[in-house]
Amino acid sequence: MLVTMRLSRSIAVFTLVTYATGLPSLQVIPRGEPQLPLLDPSMTIKEAARKCGDKAQLSCCNRVVKAGDYTSVDEGIGAGLLSNLAGGGSGISSILAFDQCSRLDAQVPVVLLPIQDLLNQHCKQNVACCQKNPGDASSSGVGVSLPCIALGSVA
């Protein structure tokens, strides 16, 4: 009975540790940090809005959560075997989730002075292209709804 209890406890601890180490890391990118990929500092709001296209809205987001983006180095016999089975492994790519976004208007009031309407003057945080009508993936078993994409990631 005592041996069975110790074995069960050992299996539970081992499973918990394996699961916890296989999870992707979550990192919140604070406001002052540079956004990745970096944008051209001379880009105007009109150019950025054109890059987003007609189905997306240019937005300025205060908060970005970055998940994943790490590479694991496995050593020894069987190292990394369980993390690969649990969905981990080497070269997991990152996903940026944008939050607290506000719309950036491309319409600029007409001023007598010729001023550049630079994007970096209107948004010091993270610039993203957000869907005008966010999708709903709740009815689909495989569907994923990504309402915002970093402007630097748009081709």
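Each residue, glycine too, has its Cβ placed from N, Cα and C.
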Original post:
CYS52, CYS101: which one closes the disulfide with CYS61 in Swiss-Prot?
Top reply: CYS101
Subject >> Disulphide partner cysteine [Swiss-Prot] for CYS52, chosen from CYS60, CYS123, CYS129 >> reply: CYS129
**OP:** Sort CYS52 (disulfide bond) into helix, strand or coil using the DSSP assignment.
**Re:** helix
Original post:
Between CYS60 (disulfide bond) and CYS52 (disulfide bond), what C-alpha distance do you get in Å?
Top reply: 13
Original post:
When you measure from the Cβ of CYS123 (disulfide bond), how many other Cβ atoms are you left with inside 10 Å?
Top reply: 22
